[in-house]
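Asker: Below you'll find the structure I mean.
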Amino acid sequence: MSTSFMKSPRLFFTSESVTEGHPDKICDQVSDAVLDAFLSHDPRARVACETATTTGLIVVIGEVTYEQGYIPIEEIVRKTIKDIGYTDAAYGFDADTCGVMVAIHGQSPDIAQGVNRALEVRSDGQVTEEEVATIGAGDQGMMFGFACNETPELMPLPIALAHRIGRRLSRLRKDGVLPYLRPDGKSQVTIEYSYGRPVRVDTVLVSNQHAPDVTQEQIRHDIIHHVIHEVIPNDLLDEKTKYFVNPTGRFVIGGPMGDSGLTGRKIIVDTYGGMARHGGGAFSGKDPTKVDRSAAYACRWVAKNVVAAGLADRFEIQVSYAIGVARPLSISVECFGTNKVPEETIVRLIDEHFDLRPGAIIRDLRLRRPIYRPTAAYGHFGRDDIDAPWEQTDRAEALRRAAGL
């Protein structure tokens, strides 16, 4: 999002979310459920787990290094699918009868030698363990974090509302309030902004898989009244707000029967709905030595604390890494003209108050725990309903004092 966003008197921005039964999200959840199982068995396990699904089939592949022991991967896969709600063959996909293929092998020793012991430690005997993290970055790349004061959770409003709709659809389905709903679905929200502030909801789009015997009129009525009006504040809706509910007119065939799915294909849904940049690396199925995940979490932690401290109203941070090297290669920030102190000061304060080496991130955010399965649906950020330590604003007051605010 450029600084022109803050200067425009009228601008529209759209973000989407998907429900937990979307084929790509099935794969994300399976990958993270497998990751959690390995971390429960061995907190230092190295895991890179990818999943694919299509009609009647789940395929789990990847690389794992862990203390030996039995991990019942097929059982984990079936339980995850059942928890999502694919429990009936009439849906075209169900936990009890789908095929499960598993092809997981050991991690490359070439990668492991760099991750196990960072370049700074391996190459210089004079450097002490206290000065550098012992864990090098698991790959090269750049990661972004973002926060803004549009919502209490310091997330962009379009993606926040899209996720709320998705969670509400899931709750009403699982509680039996709208029993004709099935697991697959999508939501999309368009917000009208004026000079960088959200002023109204322009458009809401909801598509949800359903039983064949329900009318489109009933679906539209129920979703508008029991979903949209329950999660979107009334003061954001007006007579010009447009509602699209299952605009194709029918959504009976869905889930893996309708579309194949893959881990890592919903990275914008997982993050900020397109309001911020993305480094390209997906999260699910990756243990915290993979900076695609852990550094992106740390960047969100930094960004949320910067905004909570009042240093800026909108804030984006980029960090970059080299494989096997612990220290970030670069840190850059963008405040979109909303900063209360110079950006150079903010970079200095970040360096003073946050250690962005992978080992330090894992330590400070307690990332070796099996906490990842719940993150794999309805966004990794802005969550207060799951264990997400990167959402804490524990350093905001220290940043505020250090900035003299």
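The backbone N, Cα and C atoms fix where each Cβ goes, and this holds for glycine too.
According to Swiss-Prot:
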type	residues	note
BINDING	H22, D184, G185, K186, R250, F251, D259, R265, K266, A282, K286	ATP binding site
BINDING	D24	Mg(2+) binding site
BINDING	E50	K(+) binding site
BINDING	E63, Q107, D259, K290	L-methionine binding site
REGION	107-117	region 'Flexible loop'
Asker: Rounded to the nearest angstrom, how far is the Cα of K290 (L-methionine binding site) from the Cα of H22 (ATP binding site)?
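Answerer: Approximately 25 Å lies between the Cα of H22 (ATP binding site) and that of K290 (L-methionine binding site).
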Asker: Of the binding-site residues listed here (G185, D259, K266), which is spatially closest to K290 (L-methionine binding site) when Cα positions are compared?
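Answerer: Answer for the nearest of the binding-site residues: K266.
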Asker: Sorry to bug you, but what's the C-alpha spacing from D24 (Mg(2+) binding site) to G185 (ATP binding site), rounded to the closest Å?
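Answerer: Roughly 11 Å, rounded to the nearest whole number.
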Asker: To what whole number does the mean pLDDT across the region 'Flexible loop' (107-117) round?
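Answerer: In the predicted model, the region 'Flexible loop' (107-117) has a mean pLDDT of 54.
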Asker: D259 (ATP binding site) has how many other Cβ neighbours within 10 Å of its own Cβ?
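Answerer: Around the Cβ of D259 (ATP binding site), 15 other Cβ atoms lie within 10 Å.
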Asker: Which of the listed binding-site residues (D24, E50, E63) has the least company, meaning the fewest other Cβ atoms within 10 Å of its Cβ?
Answerer: E63
Asker: Where's the emptiest Cβ shell within 10 Å among the binding-site residues H22, R250, K266, K290?
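Answerer: Per-residue Cβ counts within 10 Å for the binding-site residues H22, R250, K266, K290 bottom out at R250.
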Asker: Determine, to the nearest whole angstrom, how far the Cα atom of D259 (ATP binding site) is from the Cα atom of E50 (K(+) binding site).
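Answerer: About 17 Å separate the Cα atoms of these two residues.
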